[in-house]
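Written out below as structure tokens is the structure these notes cover.
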Amino acid sequence: MALILDGKSLSKKIREEIKKEVENFTSKGFRPPALAVILVGNDPASEIYVNNKRKACEKVGIKSLFYHLPQDVSEEKLLGLIYELNMNEEVDGILVQLPLPKHIDQTRVILSISPEKDVDGFHPENMGKLVAQIEDGFIPCTPLGIDILLKHYGIDVKGKDVTIVGAGFIVGRPLSLLMLWRNATVSVCHIHTKDVKKFTKEADILISATGVPHLIKEDMIKEGAVVVDVGISRLNGKIVGDVDFERVKEKASAITPVPGGVGPMTVTALLLNTLKSYKRKFAHLISTTNP
């Protein structure tokens, strides 16, 4: 039976530490960290994700500023709001919930967010820092959450064969860069990969981020592999991941559940990035208040 990589319990522990750190700053007269969250439209899944992020902020003492714009909002109006938030010294992070409606240029929106407030880590400046392995950038939240989860359970990716199924902008691509930074040997499978099973069978660590329910079967992994499931879907009324959990857990050495694995770690990584931005802004003042 595989070790369950419990992202929910680890997230709870990290969030308690974040809360204490925020309380330490506010007790010295500093304002709390602030995250601005922008939601365009009424996509049910996006609304759930945004609510989860806002609740997580409030529980650790991070101020959540919520901007809910209509589905038909103009791109210029959205960019105008982002400009105002960029200029607001009391905002530490800006998050625009993706995906956006088709009439809005997602790339233009991402580029409009100040890199210093891009706590999602999608701005080319932060992606470039990930490529260059520069510590002071923001790492995208799901890859960062996975990295923290693996480290917590003592799973070292150095020298290991890591296969990532899914080459998306939000998870697959930045995760491949982060795994390279951690000195793994990385393979990335995508829609044009001819034989996905060939790569997954060789993986010491298999990470799937496709959103295709139960894509990863028991016969696609090798004995003793570590399996990380990023996907979240509904199948027959139940929430499931990319991995056929019940069967794969009998063959894997460690596995993340869905829900309760990567999801909570993604939100926790967002909180960590927001705190990082806040501390950077007040670094010179914080150091002078410490004995």
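Just so it is clear, glycine is given a Cβ too, placed from its N, Cα and C backbone atoms.
As annotated by Swiss-Prot, NADP(+) binding site applies to Gly166, Ala167, Gly168, Ile191, Ile232, with the evidence given as sequence analysis. Secondary structure at Ala167 (NADP(+) binding site), as computed by DSSP, is coil. On its own chain, Ala167 (NADP(+) binding site) has Arg173, Ser176, Val188, Cys189, His190 as residues at least 6 apart in sequence with a Cβ closer than 8 Å to its own Cβ.
Around Gly166 (NADP(+) binding site), the C-beta neighbours below 8 angstroms that are at least 6 residues distant in the chain are Gly172, Cys189, His190, Ser208, Ala209, Thr210, Gly211, Val230. Cβ-based neighbour count (10 Å, all protein chains) for Ile232 (NADP(+) binding site) stands at 17. Summarising the NADP(+) site geometry, the residues cited as binding it (Gly166, Ala167, Gly168, Ile191, Ile232) extend over a maximum Cα to Cα distance of 18 Å. Counted within 10 Å of its Cβ, the other Cβ atoms near Gly168 (NADP(+) binding site) come to 16, all protein chains included. If you draw a 10 Å sphere around the CB of Ile191 (NADP(+) binding site), it holds 8 other CB atoms from the protein chains shown.
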